[in-house]
Amino acid sequence: MVLNKNLFVTATLIALNFVVFFLSEFVVNKDVFFAYFGLNYFIFNGFYWQVFTTMFLHANFLHIAMNMAVLYQFGSILERYLGGVRFALVYIIGGIITSAFSVIYTYIMITYNSTVINLVGASGAISVLLGLLAYLDPHSRKGLIAAILIMSFVPMLAGIKIGWYAHLIGFGVGYLYGKIFKR
């Protein structure tokens, strides 16, 4: 990746994600790190920072590589269009809103299915970007909707545990942001 001064926020987000990934893989106890900073049942015990920190954790190298490739591809477009500050706000606030809505799903799964969930990854925040781009670029809309559906349901149907609901929520948050805050 060539560092472009117009892509400072995108490059910084990617670097932060890789630093946190390195820490979780090689420096700290990954299970403890994910328990404190992933989005899980501890949020109901006052670990409210999880709606933010979960965006910087990734389960494995493939997870972070895929997320960062998509962040670079679409973050580059939107950071140039929105500017760095506005792009950063959309990404972070959109990611937090997506995580907050994902808490509802987490609560339902814990309460009614006794399922333990530990949601990690930047894909909720990245899905916000995809939703916003789908709103801003009608020519890409169908393709982006298809992409989010494929990203959400194909792995799930293959038995891979992913936060499909975070993808869909994030996409909706981004699209709604575009409708509300038209340029």
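Cβ coordinates come from backbone N, Cα and C, glycine included.
For reference, TrEMBL has these:
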| type | residues | note |
| --- | --- | --- |
| DOMAIN | 48-181 | domain 'Peptidase S54 rhomboid' |
| TRANSMEM | 7-27 | transmembrane segment |
| TRANSMEM | 47-72 | transmembrane segment |
| TRANSMEM | 84-110 | transmembrane segment |
| TRANSMEM | 116-136 | transmembrane segment |
| TRANSMEM | 164-181 | transmembrane segment |
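The DSSP breakdown of the domain 'Peptidase S54 rhomboid' (48-181) into helical (H, G, I), extended (E, B) and coil residues amounts to 107 helix, 1 strand, 26 coil. If one looks beyond the transmembrane segment (164-181) by at least 6 residues along the same chain, the residues whose Cβ comes under 8 Å of a Cβ in the stretch are 90, 94-95, 97-99, 101-102, 105, 119, 121, 123-136, 144-145, 148, 151-153, 155-156. For the transmembrane segment (84-110), the list of distant contacts is 6, 8-10, 13, 39-41, 43-44, 50-52, 54-55, 75, 78, 116-117, 119, 122, 124-125, 127-129, 132, 163, 165-166, 169-170, 173-174, 177: same-chain residues at least six beyond its ends, Cβ to Cβ under 8 Å.
When pLDDT is averaged over the domain 'Peptidase S54 rhomboid' (48-181), the result is 94.
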